[in-house]
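As recorded in TrEMBL, the features of this protein are as follows:
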{"type": "COMPBIAS", "residues": "300-317", "note": "compositional bias 'Polar residues'"}
{"type": "DOMAIN", "residues": "57-156", "note": "domain 'Ig-like'"}
{"type": "DOMAIN", "residues": "160-261", "note": "domain 'Ig-like'"}
{"type": "REGION", "residues": "291-333", "note": "region 'Disordered'"}
{"type": "TRANSMEM", "residues": "268-286", "note": "transmembrane segment"}
Amino acid sequence: MKGRGPASEEEALKEMPYSGLTQRSNRGTFLSSTANTMHFLFILFFCLGVNTESTHTTLTEDAVTVQIHKGGVVKELEILTRQTKELSCTMDAIPSQPHDVTGYWKINGAKIDNTSHTVYRNKDHYILNGTFNIGELGNYSCIFSLSGNEEQATFVFKVPAIKQRDKPIVSYIGDSVILDCQMEHSKDHGPDTWNWYKVNGTEKEFLNVTAESTKYQLDSKKNKTKLTVLNLTKEDSGKYVCSAVFKIGQADSRVELKVLSFTEPLKPFLAIAAEVLVLITLILLYEKKSHSGKGDSETTDNGPQQEQMNKLTQDETNGMDGGSTTRQRKVDQ
């Protein structure tokens with residue numbers, strides 16, 4: 001036992017340095033491997049930081065995209081209900097080709113919080129994407145900003161439009177008239193309901209057709225509505241509004257109604273006749289005055305000559321009378 005003791009201790013001492021070396025070697029290998037990994041990650045992050053190209057998420061098929069070349073771009077989109085929309089703006093590289101620009105989004109002119117970030121150049125253009133829950137009608141704009149200069153594109157969300165009427169509808173007191181509105185395109189999806197209003201100053205008064213059935217009649221179809229106004233009076237003149245109501249909003253159009261009396265169309269002719277009568281009267285008065293003045297002028301101009309001629313005539317008459325008296329006396333003698 002005593003012989004094996006020293007040998008065992010010696011062997012143990014011989015094994016201990018090897019074991020420690022092995023542990024130190026394994027530890028060094030681990031540290032070296034960790035250092036290499038961190039160095040690789042550092043190089044990778046550094047390369048990503050200076051890379052002029054950035055990756056972008058793949059857009060869905062329903063995404064709406066616009067290309068900004070120069071100046072503002074407006075893209076109109078019709079929607080009927082609340083929905084989520086992917087919007088994407090692509091701006092061509094500007095001459096200086098900066099490494100990056102600032103991009104953000106606006107709604108109805110107001111900046112949307114937490115949408116501003118750096119947009120890196122992707123090959124020869126910049127791409128700014130955004131996903132929004134469209135809960136109301138309005139304008140969504142993507143903005144690219146660089147050194148105080150901005151380029152933007154605007155997505156206008158609206159419901160289908162109603163055809164606008166330029167000329168007023170004319171009718172007469174006591175008659176009935178039909179006011180109609182229809183969607184701008186026959187293929188447009190019809191609204192959930194149609195409403196009619198009468199404009200009263202700056203306010204719109206809702207026309208309750210059901211409660212006023214003796215005054216109004218309503219006939220609405222998918223893309224068209226007709227409002228019949230019965231027994232017209234002067235008070236029925238004015239502007240009416242037809243409203244196509246969808247789940248997310250509404251579209252309006254105005255119709256003007258003019259109610260005239262039956263004598264109203266004659267007023268222009270009566271006015272023209274009155275003007276003609278006045279003109280004829282003035283012409284007659286002028287001619288009468290002209291003839292009267294001409295006669296007085298002739299009398300005045302021929303006055304001395306006429307008096308002389310009258311005197312000569314009278315002398316001749318007296319001479320003839322005198323001659324006749326002398327001859328009579330001779331005969332008597």
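Every residue gets a Cβ built from N, Cα and C, even glycine.
A quick note: this is a predicted structure, and the numbers were derived from the prediction, not measured.
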Review point. So which residues does the transmembrane segment (268-286) touch in its own chain, when a touch means Cβ under 8 Å and the partner is 6 or more beyond its ends?
Key: none
Review point. Which whole number is the mean pLDDT over the domain 'Ig-like' (160-261)?
Key: 94
